[in-house]
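> Let me give you the structure first, and then I'll get to my questions.
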Amino acid sequence: MSGRSILKRIDWLSVLIYLALVLIGWINIYSSTFIDEQSSIFDIGTRYGKQLFFIGVSLVSIVIILALEVNFYERFSSLFYLLSMVSLLGLFVFGKTIAGATSWYDLGFFNLQPSELAKVATALALAKYLSDIQTDIKRRKDQFFALLIILVPAILIIPQPDPGSALVFFAMIFVIFREGLPLYYLVIILSLILVFVTTLMFGTVWLIIGLVLMIILLYTLKRKSLKIPVIPLSLISVAIILFSLSVNFVFNNVFEQRHRDRFSLWLRLEKDPKKLEQIRRSIGYNTYQSEKAIESGGFFGKGFLEGTRTKGDFVPEQDTDYIFSTVGEEWGFLGTATVIILFTVLFLRLISLAERQKNAFARMYGYGVISILLIHYFINIGMVIGILPTIGIPLPFFSYGGSGLLFFTILLFIFLRLDTNRLKESF
Amino acid sequence: MRKILLSLIIVVIAITFLGRLSYLQIFSFSAEQVLEDPAIKAIYDYPERGYIYDRNGQLLVGNDPAYDVMVIPREVQPLDTLEFCGLLGIDKVKFIEKLRKARVYSPRLPSVLVPQLSKQDYAMLQEKMRKYKGFYIQKRSLRYYDTSSAANVLGYISEVNESDLAVNKYYVQGELKGRTGVERYYEDLLRGRKGVQYIQKDRFNRDIGPYKNGTIDTLPEQGKQISITIDKTLQEYGELLMNGKRGGIVAIEPATGEILSMISGPTYDPSLLVGRERSKNYTKLYNDTIANPTWDRSIHAQQPPGSPFKALNALVALQEGVIDETTKIQCYNGFYVGRKKKGCHCGGGLRDVHTGIYLSCNAFFAGAFKKIFEKFETTDEGMDVWEKHLRSFGLGDYLGYDLPFGQKGRIPSKEYYDKWYGDNRWSSSYIISNSIGQGEILTTPIQLANMTAAIANKGYYFTPHILKKIEGKAITAPKFTEAKHTTIDPKHFEPIVKGMAEVYTKGTARRLQIPGIEVAGKTGTVENFTKINGVRTQLTDHSVFVAFAPVNNPKIAMAVYIENGYYGSRYAGHIASLMLEKYLKGEITRTDLEKRILERTLEAEYAKPHSGEKFKINERVW
């Protein structure tokens, strides 16, 4: 296929949104790291200069990705996966520790984070495995292998420790689910989350009372024809109660105080408003400052380079995980809404792209890309605007960080490259 | 279903995010956040508070620089403590304690180590200040009084408190605000407007340049210089005469309503409430609940007016046509209410309105008062008419002068007596004491002075006021420049003024005449009671005097109210006479009179009810 036809067939809407997000992201990095004395935006010594350099690198990588043979990705996906798992293992020996987490290789001019590489590789490997003609997702064994592909990198990443990145891999369950993973997996996961939250908020006793009430309701409302499966129902109830008790145990005995505080803050478990305010200002300092910064932007924002809290460095990690608060302060609701809408349009567009693939590998990889981008976006912005607990993961295309930007770009553009070939069933 | 689930999740997330963001950025947002923003520091530039001058351009209140010794604990280096303490005039223990407190407050921020050094101490310290690292001198401005009088008029300023901050967003912690008197009423004029400079800070509280390049910074607006209507010389002289006496004096220029002086005794030197000794002095003044020096009697003390009120009753009777200049009433060395006889000091005989006034005949006014009520079918109607006339003199309600406080006084109404005696179960004879200014009527000295001014003007007055000029320009507020007319026809004032002039020529104040000036006045002697251990006990009468002069072209009208001074012509009459002469002639010709008043005090009289022993009242001392 010629380069010209690739440019003709590539989904320009996705490309334009990508470019817009990268540009907006860079402007905000510039604003949050800008200091009056420095002048040149190309100065590699500054954060924004460095980021500009990586935007250049990413653009070059896009050219390479688009130039490569389209079946290259499918063919070598197993190898990529293997290599990335090795690189994750290698961290235990050669890893560089930054801010308490051993997640990087020191490559001299920049730090490579292999977990970023692993995201791309896992998405590819999962797509490859699920699209294999011999895989039947209805089979227990195949379900297990598919889950294993996701779990291995997650397990390797947790002890770095980097629970945020590990969480990203679980999002790829959506891919398996899309391809036919039985619904009850999702139901179980959601129920566990629900029981976890209910136990923390109301305690086991109220949970049991709620359970009993629900069973009574079931009996009173049931139709005569309906037979209630007594044994499974009681087993489920016992399981729920046991899980609830174990949540209590883990929360009180395994979690450290800082973890407990995060949850107390998120679920407003602390009832004393004075203590809650104190937790907000100490443990929740980052979120408190970022919420305040966003709030102070109002509807129209304070204007480019006019964010006082941004300039005063009040929000920690503002150019990385908390970059969205800069958008909020300087561009107001107009800015934040624009970013949310851009992301939403991009996701919906990618879903429609994935759905139009004739080739199963391309479709599944597409879902992998969406899952990974979506979980980053959801957790990051949810944290910055104070509706989710603090989990440190970057905002795709926005946050400062060379390897992050590069791999998000690679992740997205491999899919866009596959999409240019959508009309062919096999490559 | 599986295909659309993810799309659904994406849309739900978007809605949740937009909802939360609109809550934060649209509903929680408030424009006042600039002041709460930890990233912005406001630096204030305070303008100098406006000066206050008297009516003749003499300075009353100005500003004086004061010097605070400040310390930034972190920058302090080892020093010769003993020498430094010597320069500061504090002992070493206190110095170390203050330094410790400053460090506890903040090692980085400046604290006041020694407030308000005197100029002399400052001069000494200034040269050696370089030696002491971490200390510096900060200049600020304090009120300076060019008089030891008029504390009640001028008022004082003090630091704003929590409730001031809640009420008025202009003020920030540590700023000064007028508390009483002119300082309070004209706070906005005198204060000016502080300038603000916004500085962008980082999270370590370091300055990183002006906020928005200084485009929203403001320059200070100077406080206004004002002139007040007080005559400094008269005010100071009046306060001198009040030495050792309690009571209030108010003098008004009848042609304008300008308050020439407003004296309350006892008073205090306004300089006491400035500077380092301020709080100590304030507590002392405030805690003196017997003499009450911080209580401005000229506008607060509500007392029965006594005989000067007879002039008003005569005016009402004339206006209602129940008497005329020739009407005569028999005085039997008193008069009868039912079978009970009430006394009179006039000597007895047939009295008309002239003799009634200058001899202060109780019987004549009781008769006239009764006649007013007899004119109407019901007592209620009579009461309404009587009340209406009196209220037109500014009695029984706030006068509307430009001072922050005051009292209404009381002109009783029919409702008042209905409540007291029961509906319609009273008549004019029940309330006959009002005819001679006793009874239920209460007035403040400023109301008495204003009433006198209305008589002097023969039927109108201007609302008494204290502000004369702002930045040299005379005030134009119609409230103060438009005349208020009484309900009495000007022609009825002639016999009253004549009678009041005769008070000086033939009547109760004939020994108080001022050579070369025709004065009209009226004495008053007011019975009063107090409770001692729950027993109602009569005290020596209050001495009251109202006067205006010259009779044909009144320049000054005044009321003097001296508590427990006995006869009206005694303390009050003397003081009024001296002040009139001082104001109109600029000098005192009757030095014996002056000497007598300066020497005599009423302290012994005031001590009587607190002595715990039995005491005599209304003693003849001179």
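Sequential numbering from 1, following the chain as shown.
Here the Cβ of each residue, glycine as well, is placed from N, Cα and C on the backbone.
When I checked TrEMBL for this same protein, it listed these features:
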- A:12-31: transmembrane segment (TRANSMEM)
- A:52-73: transmembrane segment (TRANSMEM)
- A:79-99: transmembrane segment (TRANSMEM)
- A:144-177: transmembrane segment (TRANSMEM)
- A:183-216: transmembrane segment (TRANSMEM)
- A:228-251: transmembrane segment (TRANSMEM)
- A:331-352: transmembrane segment (TRANSMEM)
- A:364-391: transmembrane segment (TRANSMEM)
- A:397-416: transmembrane segment (TRANSMEM)
> Taking the transmembrane segment (A:52-73) as the reference, which of A:12-31, A:183-216, A:228-251, A:331-352, A:397-416 gives the largest number of Cβ pairs under 8 angstroms?
A:397-416
> When you scan the chain for residues with a C-beta under 8 Å from the transmembrane segment (A:364-391), skipping those not six or more beyond its ends, what do you find?
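Residues 73, 119, 122-124, 126-127, 130-131, 163-164, 167-168, 171-175, 178-179, 262-263, 265-266, 284, 286-287, 290-291, 294, 321-322, 324-325, 328, 340, 343, 346-347, 350-351, 353-354, 357, 399, 408, 411-412, 414-415, 418-419.
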> How about the transmembrane segment (A:12-31) and the transmembrane segment (A:331-352): do they have 3 or more C-beta pairs under 8 A, pairs 6 or more apart in sequence?
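Between the transmembrane segment (A:12-31) and the transmembrane segment (A:331-352), contact is present.
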> In the same chain, which residue numbers or ranges, 6 or more beyond the ends of the transmembrane segment (A:183-216), come under 8 angstroms Cβ to Cβ?
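Hits for the transmembrane segment (A:183-216): 173, 177, 233, 237, 240-241, 243-245, 247-248, 251, 263, 267, 269.
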> Quick test of the contact rule: Cβ under 8 Å, at least six residues beyond the ends. What residues does that give for the transmembrane segment (A:331-352)?
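Contacts with the transmembrane segment (A:331-352): 11, 13-14, 17-18, 20-21, 24, 294, 297-302, 304, 324, 366, 369-370, 373-374, 377, 381, 398, 415.
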